[in-house]
Amino acid sequence: MGPLSARLLMQRGRPKSDRLGKIRSLDLSGLELLSEHLDPKLLCRLTQLQELDLSNNHLETLPDNLGLSHLRVLRCANNQLGDVTALCQFPKLEELSLEGNPFLTVNDNLKVSFLLPTLRKVNGKDASSTYSQVENLNRELTSRVTAHWEKFMATLGPEEEAEKAQADFVKSAVRDVRYGPESLSEFTQWRVRMISEELVAASRTQVQKANSPEKPPEAGAAHKPRARLAALKRPDDVPLSLSPSKRACASPSAQVEGSPVAGSDGSQPAVKLEPLHFLQCHSKNNSPQDLETQLWACAFEPAWEEGATSQTVATCGGEAVCVIDCQTGIVLHKYKAPGEEFFSVAWTALMVVTQAGHKKRWSVLAAAGLRGLVRLLHVRAGFCCGVIRAHKKAIATLCFSPAHETHLFTASYDKRIILWDIGVPNQDYEFQASQLLTLDTTSIPLRLCPVASCPDARLLAGCEGGCCCWDVRLDQPQKRRVCEVEFVFSEGSEASGRRVDGLAFVNEDIVASKGSGLGTICLWSWRQTWGGRGSQSTVAVVVLARLQWSSTELAYFSLSACPDKGIVLCGDEEGNVWLYDVSNILKQPPLLPAALQAPTQILKWPQPWALGQVVTKTMVNTVVANASFTYLTALTDSNIVAIWGRM
């Protein structure tokens, strides 16, 4: 399709007319239009146009100054749009469709909400559902930028040139003012720049009024946003909600047990944590009465920059997967699959090349559960871009390989672990996965853990029948393999065959495992154990320490580790979080295991309010912290996500 012509517009316009100025509705969908085909000089003649359909084309941007000031309905679905700021030229827009533009993210949705205060519907849904989210973000950013302005102005000397100082302020605000999740950083920095420039402009108008410093006017008042979050592409068979109902529970003050001072073993002082948010975001049918949905797994999104840390966590349970910002407690995304029960989630980061040759970083979330399907979610764009029919039975757990960002392990109740290569999305932004290996197990695999020192060579799994290891090197000819070594945790006739339902590497050598003995978590050396195996198929682990845990006989409480901080975490049957600082063991492993070590501290269940009563007790199925240990997320058996923050 070449450039548009007046004749084509009259052919596809309604009502039929030989004058462009009388057309009120125009359908330009499916014409393979490029951005340069939209001629502002031609389109501005559509002075009465109220409805425009540009769906199913190849548009990367919308030209400025199209002159369609009366436009009320705009459809831009299934294009290649990467920016939405040009939409501000349509101040009367009421309905907007943007689904199927894979490079638009939640940041663009928020920009749309801010720029178009008259919007009523986005992608066919009520656009006012997330009003409070954008409003709260804007209010907090305005407050922080204003405080930064006052601090900045107080440091200026009288001799400093005002123009240069004000330009420096805008740069420093964009660099230093932070709020909200990393996934919203594009929107927040965009707003910070706008607010900063408004403050600078306001200060210039006041220079002649007074010499004494005054508090800057409320920034952004002329652009009070309508906070509406647009939901992007949704598969027809699996609805996606980007504006889930979120129920926060008020909580009395939490009780924390454990000494907050340095121990005699030389460990660091215990960190202080406080409960921040309690969310019911996995409720069946979005019912606030649901205190029964079991939540099973959570994982923090990988940081976008090396050395940084993430505050965005994915949680799963029931028929929903949620992505939550730990700082604000906002549910950023919610993916629902009716009839599914999600058991596991895992993140990876992929570099995708667009049709225009640009590179984009995608955070991809894999989620799986009862139906044996793996769903690959492009979280920031908000849609499912692939489904792997991985197993005929339920998937208990999954994880990505640290060595290969596209390699995904899935472990199922069919007693198989399969290694997949999910690849990178094609031009239609769909994954085409291929199967690389099948690993047979003698019992149901519960936890997967690539060996930290050689993740592309060995895989550990905690199973109903014990702890096993497989050779996963891809340069070997066999594509179906059995367990190479089984690890046992004690001597005697009952040494093997015991469930291992918790497994994590604390560093490249030391493994934390749970389930082999009641009331204990075992720390053992991979290097020493593997080095002493010889040709044996059953090997006793070299135990370095045993950590005291709950004496419950209940199973399936998953443990996790925070390697950067030398911390091991595990929930229990009463809603508590057991925290162990094992940094001293990592620095100097003991020659012989010492006596059972007590936890560094126990975070007692804070007993939040729900349905007008206190939730006095629950089971914490899993607990995970981000790399810097600033946030901790605990998932319960009673549909409550508990988020703790470091004080």
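Just so it is clear, glycine is given a Cβ too, placed from its N, Cα and C backbone atoms.
The repeat 'LRR 1' feature in Swiss-Prot is assigned to 22-43. Looking only at the repeat 'LRR 1' (22-43), the predicted model's pLDDT averages out at 92.
The region 'Disordered' feature in Swiss-Prot is assigned to 204-267.
According to Swiss-Prot, the feature phosphoserine maps to SER212 (among others).
Residues or ranges marked as phosphoserine in Swiss-Prot: SER243 (among others).
Here Swiss-Prot flags SER251 (among others) as phosphoserine, drawing on a large-scale study or a structure entry.
Residues annotated as phosphoserine in Swiss-Prot: SER259 (among others).
Taken from Swiss-Prot, the feature phosphoserine covers SER264 (among others), and the record attributes it to a large-scale study or a structure entry.
What Swiss-Prot lists as repeat 'WD 1' is 282-335.
If one looks beyond the repeat 'WD 3' (383-422) by at least 6 residues along the same chain, the residues whose Cβ comes under 8 Å of a Cβ in the stretch are 99, 102, 232-235, 238, 240, 297, 335, 343-350, 364, 366, 368-377, 429-450, 452, 455-456, 459, 461, 470, 472. Annotation source Swiss-Prot lists repeat 'WD 3' at 383-422.
If you look up Swiss-Prot, you'll see 484-526 marked as repeat 'WD 5'.
Annotation comment: Swiss-Prot describes 542-582 as repeat 'WD 6'.
Residues or ranges marked as repeat 'WD 7' by Swiss-Prot: 598-646.
Listed as Cβ neighbours of the repeat 'WD 6' (542-582) (distance under 8 Å, sequence separation of 6 or more from its ends, same chain) are residues 258, 263, 267-268, 270-271, 297, 446-447, 489, 499, 501-507, 510, 512-515, 517-525, 528-529, 532, 589-590, 593-594, 596-605, 617-629, 632, 634, 636, 644. Residue counts for the repeat 'LRR 1' (22-43) under DSSP, helix first, then strand, then coil, are 8 helix, 3 strand, 11 coil.
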